[in-house]
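S.K.: Swiss-Prot lists these features:
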type: BINDING; residues: 208, 210, 212, 219; note: Ca(2+) 1 binding site
type: BINDING; residues: 328, 330, 332, 339; note: Ca(2+) 2 binding site
type: DOMAIN; residues: 12-179; note: domain 'Miro 1'
type: DOMAIN; residues: 195-230; note: domain 'EF-hand 1'
type: DOMAIN; residues: 423-592; note: domain 'Miro 2'
type: TOPO_DOM; residues: 1-611; note: topological domain 'Cytoplasmic'
type: TOPO_DOM; residues: 633-643; note: topological domain 'Mitochondrial intermembrane'
type: TRANSMEM; residues: 612-632; note: transmembrane segment
């Protein structure tokens, strides 16, 4: 199983606690009492920060406690401390019910308004002054408040005068940060949260070496040793299984502890107030506080140049093809949403439920993901976020060395010089004016029907699919739509074209404005590529070929292409049919990275000057070499004559 995770404290080396509340609720006395272990006779209104030593609590982490002012005049200081805090203690006085009311009428809403994400501990101070005639229990009082404000981790009452539960306040504060219950357990539904269930299921699968769906005694002991450093004796093992079987009948079978039983153990840890046990297991298995694998466990190769890209190796692609077939239970060549959910059931979330992946791949009319769509999604995720790709591969059971997962492509500048490329994944930027047909092109690429209704693309959009090339080879093509209103800003980035294998500029062949804007974009792409050394092959696409072209459109576009040295526009209509030949042509263009690169007049002059300079240098070099050779021959002749 994957070990080498963080310590039980999640890798933290310090903790900062902000103590806040109404004036006179006992904030400063509480801090002074925990620091000195005595009740202070005289306490200043606001104490300076105090640090408790690392050995004060079991996790061996120093805790800095910050007192905060209650007055409105110091509001800026208070907000600053809230933002810096790892945990917030909100105090009220047990002998002043109005201060308890102020928690829900002011302090808790204020923390939400400020978007403070730190957990909250509610602390009742001056317990020694509570009116003993009041029958209300703390649980009864706080239960409705905690239901409304889920950020409250726990509530506790204490007395600085008698030192009752004073250390416990800060123990619970550290526990709320280092071993929080909130990410693990849904208090309202009284069940484990989905992310924890997914992580626990993955850990169970890693421990189930014989894949029989249960953990036998040997597997349970391996798990115990890996996480806690010591095995359980037979009596302890029997005791664990007995507790599980009493509360979760399907948690134990003749084969051992089942997944429901394993999940029940985590519920039991939390029920008994021991979330630190659950966190110790999670962190030992590499999980962070968000219940995701730590980045340090997910090494990805570094690109040395922006015109390189990262691809999955054949080994990783073979694994993905196999996992697709494993979860395609009905063998229809596509994963239904339920089958895809099952595939990612051991990942924190399904990675393709959000942009840019949500609508980026080919699906069947019923909404199932095809094998091409499945592999294309992985190629897209690897291109955009290789660490996320590796994480999700790991979640679903890929156990190979990360070094065999990815390959870093050669620089495109080198590909141009060698006039060939070894890439399997190509990225094409799709530029063009509004309403030119960019989105329709991407829809067609994914096999979607043409729609007459226009919907502007608000952000960048991706579409990925597998293209069958002549000779039987398969390449993955990723189209990236760049909205017109983002082109200018996009191209100001010096490395904007580094990742682009082919730039496609789409225009409405029936609209003169659309053509002029497309020409402007094409010239800008060409100019930027020349300036920055990222010369990009370009294709012009004359869309909406089913409409009447504007006069002189063909002649103008052909002339511009001839001047730039690129192919004449590809005419097509997404309305009349799928432009599959265009996508194959884009891939073919990408496979010949030295061709179809537009050259402006300025670029042509620069090239001529470079050639002239190089020729001059060559002439001078040759002349110099001839001169030296002649001098050497003369000296040799003179030497022989004198001899």
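Each residue, glycine too, has its Cβ placed from N, Cα and C.
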S.K.: Taking just the CA atoms, what is the gap between residue 210 (Ca(2+) 1 binding site) and residue 328 (Ca(2+) 2 binding site) in Å?
M.R.: 23
S.K.: For a quick check of understanding: among the binding-site residues 219, 332, which residue's Cβ has the most other Cβ atoms within 10 Å?
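M.R.: Answer by Cβ density within 10 Å: 219.
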S.K.: Looking only at C-alpha atoms, tell me how far residue 208 (Ca(2+) 1 binding site) is from residue 332 (Ca(2+) 2 binding site), rounded to the nearest Å.
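M.R.: Roughly 30 Å, rounded to the nearest whole number.
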S.K.: For residue 219 (Ca(2+) 1 binding site), what is the secondary structure state per DSSP, taken as helix, strand or coil?
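M.R.: In three-state terms, residue 219 (Ca(2+) 1 binding site) counts as helix.
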S.K.: From the Cα of residue 212 (Ca(2+) 1 binding site) across to the Cα of residue 328 (Ca(2+) 2 binding site), what is the distance in angstrom?
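M.R.: The Cα atom of residue 328 (Ca(2+) 2 binding site) is 21 Å away from the Cα atom of residue 212 (Ca(2+) 1 binding site).
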S.K.: Would you kindly give the Cα-Cα distance separating residue 212 (Ca(2+) 1 binding site) and residue 330 (Ca(2+) 2 binding site), rounded to the nearest Å?
M.R.: 23
S.K.: Highest Cβ count within 10 Å among the binding-site residues 210, 212, 330, 339: which residue is it?
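M.R.: Going through 210, 212, 330, 339 one by one, the largest Cβ count within 10 Å is at 339.
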S.K.: Would you list the DSSP helix, strand and coil counts for the residues of the domain 'EF-hand 1' (195-230)?
M.R.: 25 helix, 2 strand, 9 coil
S.K.: Within the topological domain 'Cytoplasmic' (1-611), what mean pLDDT does the predicted structure show?
M.R.: 92
S.K.: Measure the Cβ-based neighbour count of residue 328 (Ca(2+) 2 binding site), defined as the other Cβ atoms within 10 Å of its Cβ.
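M.R.: Neighbour count, Cβ to Cβ under the 10 Å cut-off: 19.
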S.K.: Do me a favour and check the Cα-Cα span between residue 339 (Ca(2+) 2 binding site) and residue 212 (Ca(2+) 1 binding site); whole Å is fine.
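M.R.: Between the alpha carbons of residue 339 (Ca(2+) 2 binding site) and residue 212 (Ca(2+) 1 binding site) there are 21 Å.
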S.K.: Taking just the CA atoms, what is the gap between residue 219 (Ca(2+) 1 binding site) and residue 332 (Ca(2+) 2 binding site) in Å?
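M.R.: Checking the Cα atoms of residue 219 (Ca(2+) 1 binding site) and residue 332 (Ca(2+) 2 binding site) gives a distance of 36 Å.
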